[in-house]
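Sharing a structure here in structure tokens format.
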């Protein structure tokens, strides 16, 4: 993502000094001869963004808990196992740090973003080489590329079904690339750098993500044991892989714990960026008057940072995580919106672009030309397909504990969203507020 260190005003906001700034994004469009016609993302997007932050920071809290467990002897050595209340406390502390960092000036946040990119790049390269090198038992290429884990304890033995379920985590890792769009109002030459950020993020993820997965997978030989809650990491597979790799070779798993720490820092940076995206989404939505108490959330401080939106987003993410204390099933259903909910939000504008607006849509300076329609239809059909696949049961036999509640959560949110629009919002929501006359 190309963030400018230059001071750039956020559009149509009220600063602490009471002055109203001009929308620099609209100015750029005006210079290019375009008129701002895009509406803000559907509320599916903002709720999905909050769910993403919740899941990222919660996974980091769990990872920290596992690091502590292994550092104190592991599950089989009397190590400390944190309760769910401690995990929630860790989650809250992580969100607090992310909110504090995102309250800093954009130039400082840009530095953290660049540091995160460097950490991910170097960290992935080190781990993808180090882990398969250190491990004493390596899987064969046949095992890595052709083996399906039918002994998974979930009652699923069909290989095609296992493949389908495996797509869920892959899709989850490919969410959030719209962050470039949310940050365009603070990005230099956003009309070109925004789309480049989206495409490059996916390209880099494919290359380094694939390499990382290959390196880790070659270190896997006993999948059921890695998933067993009786291992030293308590069933946390990736931690057990790192831990065993070093323990089997050197007699100590300290190196594996350090490697897990590298991943934890990367996840921390990921959560930081997610809060950034959340806050800008909440800011833009409230600026257009589409959120309760909108006048409060779209204010910015003297450094042009929407601090209120930052802390509001962190608070909502923490509240979403609290469902874990009551029911892990309810928590999993809620965070499922992080994948399907976001993809539905992605698909709707694309669908309208390739149908209703096919002739009237005015492309920007960065576009796919005639291929845009083809890619658009592929995107819509893919989202429709995975929305069905990810609603299928993930374990058998189906009980109240194993039932996939994703359709309930997503359909419930869809009903609330559509009902809100039909009964109220369509009468007063006019889209983006502009300060530039055509």
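Here the Cβ of each residue, glycine as well, is placed from N, Cα and C on the backbone.
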Looking at 284-303, 404-423, which stretch does TrEMBL describe as transmembrane segment?
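Checked against TrEMBL: transmembrane segment maps to 404-423.
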Quick one: sort out which of 47-70, 143-166 is the transmembrane segment according to TrEMBL.
47-70
In TrEMBL, one of 19-44, 331-356 is tagged transmembrane segment. Which stretch would that be?
331-356
If contact means at least 3 Cβ pairs within less than 8 Å, sequence distance 6 or more, would you call the transmembrane segment (305-325) and the transmembrane segment (250-271) in contact?
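These two segments do not touch.
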Using a Cβ cut-off under 8 Å, which residues of the same chain at least 6 positions beyond either end of the transmembrane segment (331-356) come close to it?
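Same-chain contacts beyond the flanks: 38, 41-42, 44-45, 47-49, 51-52, 54-55, 58, 168, 171-172, 175-176, 178, 320-321, 323-324, 372-373, 376-377, 379-380, 383-384, 386-387, 390-391, 405-406, 408-410, 413-414.
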